[in-house]
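K.L.:
Pasting the relevant annotations from TrEMBL:
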BINDING   PRO84, LEU85, SER86, ARG87, GLY88, LEU89, GLY90, SER91, SER92, SER93, ALA94  ATP binding site
DOMAIN    68-137  domain 'GHMP kinase N-terminal'
DOMAIN    201-275  domain 'GHMP kinase C-terminal'
Amino acid sequence: MKVSVPATSANLGPGFDSLGIAITMKNQVIIRPSKFHSVSLKGEGANNPVLKDNNMFISIFNDFYHNLSHKKRHFRFEFFNEIPLSRGLGSSSAVIVSAIASAYAIEGIKLDKNKLLNLALAYENHPDNITPAVMGGFNVATVQDNEVRYINKSIPKALKAVIVVPNRPISTQLSRKTLPFKYSKDDVIFNISHSSLLTAAFMSEDWKMLRTASLDKVHQKYRMKQMPELFDVQKSALRSGALMSTLSGSGSTLFSICFADDAKRIEKALRNRFSHFKVFTSDFDNTGVKIDL
Ligand SMILES: Nc1ncnc2c1ncn2[C@@H]1O[C@H](COP(=O)(O)OP(=O)(O)O)[C@@H](O)[C@H]1O
Ligand SMILES: N[C@@H](CCOP(=O)(O)O)C(=O)O
């Protein structure tokens, strides 16, 4: 059985804890019944001892598997990870979603995507990464009565993402602690209006509006100060023709959206200037989690 889950970029500027989008970069796991428990790791995190000894996937998978199944079985887990850890591309959401989906699939139980999304919410209480990880595309999401309420929109092929991944991680949990406890009324109004405009721009495919609509006063500047070079990455991306450029999740990745025809030029400009960072172009994913039995 094989499960794959896309990487995601959350917030998209002003949509803190609400907006998110999926790209084609993914984590994949193949699980087979086996005589003994064993794990193989390839790609991102392959040399990380935490992923070998205390793997979040295995512990979430076990929680669900033991609840769903009364049989005692062992499995071989083969992980192929493309999503870098703690770079703001939703690695933790991908793990949560794939572990829950795998536990149901291995027991042959069909799991509705909405139920999967609500189960994932117990492990990550903001819905902006888990919603695109499950559904693909652009998503606006909120939580009410412990349920994710969302609206989803596919992204056309005419758009691509140009992504700059710094060599330093930022932990989401720690980064959230650097944010202010209180915001001024002006900043709140700014973010509500920009996040609403950004959502409307995605829904109506008014791509020229993204630049203005993606401005934020709630989290980016506080987080980007930890790595001031990110301000230069953002300026360079916009100067090279990106439609918008925002801190991806809690960082450290800078995520730019552009017309497909401009992607190679923007990627080249960013790679020339920030050769010490990983720079690449990606398509958007409109499918979300995929399960092959
Ligand atoms: N492939 C993986 N396998 C197991 N655990 C993972 C994997 N990727 C990420 N994690 C867990 O998620 C944590 C990173 O989460 P977080 O700081 O929220 O970063 P991100 O922005 O990538 O979601 C890691 O420290 C690790 O505990
Ligand atoms: N809204 C969250 C999103 C965190 O995304 P991640 O990919 O960095 O885990 C936040 O901004 O804290």
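Any Cβ shown, glycine's included, is placed from N, Cα and C.
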K.L.:
Using a Cβ-Cβ cut-off under 8 angstroms and a sequence gap of six or more, which residues of the chain neighbour PRO84 (ATP binding site)?
P.N.:
GLU44, SER91, VAL165, PRO169, THR253
K.L.:
Taking the centroid of the Cβ atoms of PRO84, LEU85, SER86, ARG87, GLY88, LEU89, GLY90, SER91, SER92, SER93, ALA94 as the ATP site, which other residues of that chain lie with their Cβ within 8 Å of it, listed in sequence order?
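P.N.:
Going along the sequence, the neighbours come out as ALA7, ILE83, GLY249.
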K.L.:
Just how many other Cβ atoms lie inside 10 Å of the Cβ on SER92 (ATP binding site)?
P.N.:
20
K.L.:
So, three-state DSSP: helix, strand or coil for SER92 (ATP binding site)?
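P.N.:
Helix, per DSSP.
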K.L.:
Could you please provide the mean pLDDT value for the domain 'GHMP kinase N-terminal' (68-137)?
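P.N.:
Mean model confidence (pLDDT) across the domain 'GHMP kinase N-terminal' (68-137) is 96.
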K.L.:
With DSSP helix as H/G/I and strand as E/B, how many residues of the domain 'GHMP kinase C-terminal' (201-275) fall in helix, strand and coil?
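P.N.:
Across the domain 'GHMP kinase C-terminal' (201-275), the residues distribute as 41 helix, 10 strand, 24 coil.
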K.L.:
Using all protein chains in view, find how many other C-beta atoms are within 10 Å of the C-beta of ALA94 (ATP binding site).
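P.N.:
Cβ-Cβ neighbours of ALA94 (ATP binding site) within 10 Å number 30.
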K.L.:
Helix, strand or coil by DSSP: which one applies to PRO84 (ATP binding site)?
P.N.:
coil
K.L.:
For the binding-site residues PRO84, GLY88, SER92, which residues place their CB under 6 A from an atom of ligand 1?
P.N.:
GLY88, SER92
K.L.:
Looking at Cβ-Cβ distances, which residues of the chain lie under 8 angstroms from GLY88 (ATP binding site) while being 6 or more apart from it?
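P.N.:
Listed in sequence order: SER9, ALA10, ILE170, THR172, LEU247, SER248, GLY249, SER250, GLY251, SER252, THR253, PHE255.
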K.L.:
Taking a cut-off of under 6 Å between Cβ and any atom of ligand 2, tell me which of the binding-site residues PRO84, GLY88, GLY90 pass.
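P.N.:
GLY88, GLY90, by Cβ distance under 6 Å.
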K.L.:
For SER86 (ATP binding site), write down the residues of its own chain that are at least 6 apart in sequence and whose Cβ falls under 8 Å from its Cβ; none is a fine answer.
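P.N.:
SER86 (ATP binding site) has long-range Cβ partners PRO169, ILE170, SER171, THR172, SER252.
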K.L.:
Just to confirm: which same-chain residues, 6+ apart in sequence, have a Cβ under 8 Å from the Cβ of GLY90 (ATP binding site)?
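P.N.:
Correct list: ALA7, THR8, SER9, ALA10, GLY20, ILE83, ASN129, PRO132, ALA133, GLY249.
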K.L.:
Could you tell me how many residues in the domain 'GHMP kinase N-terminal' (68-137) are helical, how many are strand and how many are coil under DSSP?
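P.N.:
Helix (H, G, I), strand (E, B), coil: 34 helix, 8 strand, 28 coil.
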